[in-house]
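Positions annotated as active site, charge relay system by TrEMBL: Ser149, Asp226, His260.
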Amino acid sequence: MALTQVSANKCAGGFQKVFEHDSTELKCKMKFAIYLPPKAETDKCPVMYWLSGLTCTEQNFITKAGSQLAAAEHGIIIVAPDTSPRGCNIEGEDESWDFGTGAGFYVDATQDPWNSNYRMYTYITEELPKLINANFPTDLDKMSICGHSMGGHGALICALRNPGKYKAVSAFAPICNPIQCPWGQKAFSGYLGPDKSTWEAYDATVLAASYSGPQLDILIDQGRDDQFLSAGQLLPDNLIGACSDKKIPVVFRLQPGYDHSYFFIYSFINDHLKHHAKYLNA
């Protein structure tokens, strides 16, 4: 699969690059960002996948989160894909900010007209890692996943649905129980249809309740002043309860004064890279 380099910037001793490719799963051109630490010039490196939230592209994380210094220090490649297919000319794809473009919700849609393009789950878990491993100096056995908001939901479901695939998982302000919140109900109705039993495969709280696999240590940071926490969109207590019942270790940190923005992510990203490095560099 051919990659076209869109940009390259020296950063923290390594390179922050953006590439474009034709996606077979999504049937459109897709961009992803990749940070290559200095270590990648001579050695294979583990990979952390970052999944962004609603309305984001591959740009938000690489320009706002400040992850590159810690990634350079720990020798971790960071891959940050886009959040949905783009330019598919599906009627209604650009009508709202929380559904369609920029809001793929990391599911494989089953409903017409979304099901031919909106296959972000398979793109993130299968197509993209194959592409990255074929083109960059990756340690094939060592990958992890992290994300924010809708992307935190994505990271959690990818880890919980694929025991052992990801060595670590963490999230910032994730949508923890989408079948119970307005964002999730809107997205799942559109992408997955009215049968709510099909929604459960993409709900971290439901998946945690039935998880059986290697131990997964989950790190979650949540801003206490996050407007979406108080609006009932994130529901972390539901996930923590499910993990507690299954004895899945969760470090949940409620951070006073912080909101839902990248200022919050920037403040704690180093802790997350350290969490991932502990497992990726073991």
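Quick reminder: no glycine exception, Cβ is built from N, Cα and C everywhere.
Heads up, TrEMBL stuff is auto-annotated, nobody curated it.
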Cβ neighbours within the same chain of His260 (active site, charge relay system) - under 8 Å, at least six residues apart: Ser149, Ala173, Gly223, Asp226, Gln227, Phe228, Leu229
Packing count at Ser149 (active site, charge relay system) (other Cβ atoms within 10 Å of its Cβ): 25
